[in-house]
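The structure under discussion appears below in the form of structure tokens.
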Amino acid sequence: MKRIAVVPGSFDPVTLGHLDVVGRAAGLFDELHVLVVHNPGKTALLPIAQRVSLIEQSIAEAQLPGTIVVTSWSVGLLVDYCTDVGASVLVKGIRSQVDVAYETPMAIVNRDLAGVETIFMLPNPAHAHVSSSLVRQVASLGGDVSPYVPSAVYRYLQK
Ligand code: PNS
């Protein structure tokens, strides 16, 4: 049976920290789905389709190994997507204890809802301070975000 995992998130925009986790996770599963999900708790910068496109370009340019599907989900629960595609695992990057506190309730609820397990992965510490919200703020105030994002995102934000 194919081992399929999902890396869900807002990816608004995708950062080097996300890409690092996606690359590591891709090596562990037969198929990895990077799933862009609208988070109603956050004010969006990029349209969902643009986020998907930037993730696809970033994965291609980084030449990440493995089978990686990039798509979005806007109807219902995240675990409904997992059930639809036959994924039994969610992968989340953990930068700090703050992330553990944020992710733990979601992981337990997702397991309660559909038996989907969550695996926490530690990114390269070089990216531990990088977040999409920080990138959005620095970019909107005219700062240089090139150390934090893949080149495709940097080029897009320059426009
Ligand atoms: O990158 P983010 O914004 O931290 O990602 C959070 C996200 C989108 C993964 C989370 O909000 C989510 O899982 N949303 C889907 C709705 C859902 O299934 N909620 C119930 C279980 S947590």
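Keep in mind that glycine also has a Cβ here, set from the backbone N, Cα and C atoms.
Quick look at what TrEMBL annotates:
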- 7-137: domain 'Cytidyltransferase-like' (DOMAIN)
- S10, K42, L78, K92: substrate binding site (BINDING)
- S10, F11, H18, G93, I94, R95, E103, H127, A128, H129, V130, S131, S132, S133: ATP binding site (BINDING)
- H18: site 'Transition state stabilizer' (SITE)
Between the Cα atoms of K42 (substrate binding site) and I94 (ATP binding site), find the distance and write it as a whole number of Å. 19
Within 10 angstroms of the C-beta of H18 (ATP binding site), the count of other C-beta atoms across all shown chains comes to 25
Considering only the binding-site residues S10, L78, K92, S132, which possess a Cβ situated under 6 angstroms from at least one atom of ligand 1? S10, L78
The most crowded of the binding-site residues K42, K92, judged by neighbouring Cβ atoms within 10 Å of its own Cβ, is K92
Give the number of CB atoms, excluding that of I94 (ATP binding site) itself, located within 10 Å of its CB. 17
Near S132 (ATP binding site), which binding-site residues out of S10, L78, K92 have their CA within 10 Å? S10
Intrachain C-beta neighbours of V130 (ATP binding site), sequence separation six or more, cut-off 8 angstroms: T15, L16, G17, R95, Y148
Suppose you look only at the domain 'Cytidyltransferase-like' (7-137); what would the mean pLDDT be? 97
